[in-house]
């Protein structure tokens, strides 16, 4: 709870809530109430990008709980020489505004156009996004996981997902057990180092619990229950397909602190 509270506080401050408000009202950091996003009258905007020269803050957070599966209508160059993707959707269009953040297969993208009557929205794709993710391997008709950015009043159902894809993995095995489905993914050693048994990983934007890690194979596996299989795109893929991966950000922070040698004395605290 302490870690979750710290991350939530960072999220609140990054979106305009002064730290003194958090100190004077500790209840802000208490577990969040259950609120139906669809009926919520408040629509706040959190954008993926930040201005050059400005201190980076948490602007978008996701939970890894997929809201719906959309389908790509168009994917390719636009008239301005950029690259964009048009996606058919319904649920994530509720209260949508230009500049809103939507996770598409776990990739945080910004809405640049939308049509509520035609039930679709458009996002731009940078060259780095195409290099780093599996989106370039998709095409018209491809299903994609969709999730809107988390609001400060939303229920936190998965784990903290930034929508910043760390790299890709390759599905190497599907195996059924009862009505559940085992999935094994192979990835690079650089990413696998942050994957631990019973830890979190976002696969195509879906928050999942790692079951096993196999360092000698550069693989990890997880299990999808019957309900999840009906709500995400992973079971629609086949062996050899790529998936976007985002490892748990906490592992990266811990690694950096250990490498820097930052101790309690440097932080101004008296060691026990």
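Just so it is clear, glycine is given a Cβ too, placed from its N, Cα and C backbone atoms.
Listed features, source TrEMBL:
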type   : residues : note
DOMAIN : 61-159   : domain 'Lumazine-binding'
DOMAIN : 160-258  : domain 'Lumazine-binding'
REPEAT : 61-159   : repeat 'Lumazine-binding'
REPEAT : 160-258  : repeat 'Lumazine-binding'
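Model confidence over the domain 'Lumazine-binding' (61-159) stands at 92, taken as the mean pLDDT rounded to a whole number. Note on the repeat 'Lumazine-binding' (61-159): DSSP counts are 12 helix, 42 strand, 45 coil. Secondary structure by DSSP for the repeat 'Lumazine-binding' (160-258): 24 helix, 42 strand, 33 coil.
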